[in-house]
Every structure is written in structure tokens, then in C-alpha cells.
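Step one of this worksheet: look at the structure below.
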């Protein structure tokens, strides 16, 4: 579930409870081997829900109406105050459309500043083991928002909140505000993340075409995947790994084709040398090193997942539909062949002596339909590599020839609308891999001197953040979950 509401479908997540936040209310995540959760329609049933692990919300806690910043915990570093319950008692969700709920919330980005925020038209659009997602309308601007409400452990900072507060990119769902509210039980505290609302998900868009026995237009595949890779390049430059890339977590506006990555409930700032849990990411999209139990993985697990999403859009179904953790590896081997000893060592050195059945790789051209563009197949094969370091980086993927059509002047969406903003790179984005900039910036947006032309167009380079915007900073030391 997400800004777009519940979607159902998709594979189950990890065996521990997972927050499949926005796009999909989780059914029960499979235990142990991570069997498919729930039973809703779509390939693999519903994904499991995952409780947002990690750290509890930092900084000033904004209470519900009347509580004041910090509530009983006090302002500043005193922690969040519970305030009143949200939604308030007596509000009949979906019925009392004119009733206004007012809370004191903290701005999602920038300096910690609290203000009163009023909502109307509150209704549930998804739920799971992690909590509930509501849709609401801001009373002042009439803008729709999604409110993700999760039970908060007062001992920890909330990792999802910490990460979302530092992210600011056009292809990432924006945190507008956050506030805390009390629950029905004594000392129960909830964190409410107020997020921009995006109506659809890539999962539901793809399912629409599949049900109609149609193939999703290749230009939409290009536009969606390009924006996904751009969002990954940004978060990876911040040291953040999403760890749950799947179609259900890719929000899209069906009219403009703008894509926004959502659900950072599994995301983590990866630090070299520090171990991470391997049982992460929804099964169909899990990188092989995770299946091998690696704990020192890198952000390239997101690239593998993105490769699975690309393949799924091209095929009309998941490329690796494993029934369990072990079967997931079998599905991968059926396509890529048995990994070599060196590839296994790169994924997890502890498995080098394990005996695997020797299976030859299936030719990529036979994996996909005959009409699949060769550039799409080439990109897929460069993403779905056993060796993590051999996978393309997200920006290298953006620069791939598969996306050249997007860089051509005059290219439009199939609905005859202009392309969404694809080239409004910030200085920070252009500093990630400068050698790629000559490809990433289309010729028609370059000045004669070779620099980017500054124009009012949404396709041009516009923002220039300070260097501090691109520092990967750790949260204030506190008791935290290291998974």
C-alpha cells in the first residue's frame, strides 16, 4: 500500500514481519523459507508485511492537537510526545468527509519546525502487520496525502523516518510532515508519516496490461525504469540502500508517467564492515548473495532487484518466481546457469565448497519474447549478474542505449503528453559519475561549450544544492537495531 493504496499481489517478503509499506497491504510473510504471504491475486499472492525495524523517530516530537512540540517528552532531544489519538475517536472514516482533524506536526524536510496541520476526508487505503495507511486531504491546500501510521518503540529511533527526512529527489515520494499519536493502550505510541499521494503503482499498471493480454508499451518501460535507476543513483550516493525494490513500491502517476520510489521501511544506511541482515527484500526480487546468506552486501542488491523489475515488465510475469528461499535460487540458476566457484565466493565465501547441480545458462534471447528490443535484453543481462561488482551502477543503467529514445528531442508518451522531467539533474547527481554526464545530458540541452543549458524547461538542469546536501551523515548515536 502506499500513496496509491493497497494493491495486493506480488511475492511474499522476508520471513520476519515486513512492512510492505505503500503499495501493498501485507499478508502474512512466509516464515523460515519466506513462503508467499497472503492469498490475493497476482503472481505469487500478496507480499508479507514487515515491521519497520530500527530506530525511533528523532528530534522534536510533534504531538497531536494541543500537545505542543515534544509533548510529555519535551522538545529538542527529549523525544516525541504522544499527544492525542489519530484518527480522533468519533471520526467515522470515509463518512465524516467534512470533519476536520488538526494535529501539530513537524515538517518532513529542513529544520525541525512544528505547525498545526488540518486534514479532512480520512479513510483507510491499506493495512498490514506494520500498521495502517490512510488517505486524507489537507484542509488548507486540498492536496491529497497518504498517512502511514506505525507502532513506535520508544527505545529506538525510527530508521525509516531518519532516512526519509534526508532524502529530497523528484523520483522519491516526499515526506511532507510527521507527528506522533497515542494508541488505545497505555504508553502506546504511534509515528505518523504524512507523504505525498501518488495514485498508482507499477505493479497495478503492469497487471492492467497483463489482464487485458497486452504488453506494456516499451516507452513506458523505458520511462519507468529510467526514473527508478535515477532514484537509486541518488539514494546510493547518500549511502542508503532501499532493500525492497519491487513493482509494488514504485508509485506512478498514470497521466504524467512520473515515478516515485516509496516504502523505506526496509532501507538502511550501509556502512562498510558493519553486518546487515541477509533475510531482506521480497523473494522474487532478492539478489542471489542474499539467498546465500551474505551479511556484507552492498547497494548492488537494489540493482539486481531493478533488473528483476525490468525483466518482469518485458515478460509480463516475474522472471524468477521461486516458491521458497531455496527454490528462488533454483529459478535463478535455470536462467543464469550454475554460478562458478569464483562467483559464489564473490557472493558468500562460506558457500564455495557447496555442491550445486551443473546447469548451463539459458540464452537471454530465448528468455524473452522475440519482439523484445535487443537493447532491453542487453541491459537486463548487465543487471542480473551473479557477481555484485559486475552489475551496472544505477547511473550506468541510465546511460544505457536502451534509454537513448528518451534523450531524443520530440519523444512523447504514448498518450501524446510530454515526457516527465528526466534530465533536471542536480549538481550532486552530476558529481556521482561525471564521466557519464556527456551521455546523460541530451545534446539538445547542452550549450555550445558543452555545459548544460539553463532554461525554464523541466528537462533542464535547474537545482544546485550545497555540498552538505550530499554528505552521507549518520544519525545521532542512540540505541538502534543494526539489522
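Note: Cβ is positioned from N, Cα and C throughout, glycine not excepted.
Looking up 7, 77 in Swiss-Prot, the residue bearing an annotation of phosphoserine is 77.
Looking up 64, 97, 467 in Swiss-Prot, the residue bearing an annotation of phosphoserine is 97. Checking 14, 72 against Swiss-Prot for the annotation phosphoserine singles out 72. Rounded to a whole value, the Cα-Cα separation of residue 244 (active site, proton acceptor) and residue 131 (ATP binding site) is 18 Å. Per-site Cβ counts within 10 Å over the binding-site residues 125, 133 peak at 133. Annotation for the recorded positions 131, 279: lowest Cβ count within 10 Å of the residue's own Cβ, 279. The secondary structure of residue 133 (ATP binding site), as reduced to three states from DSSP, is extended strand.
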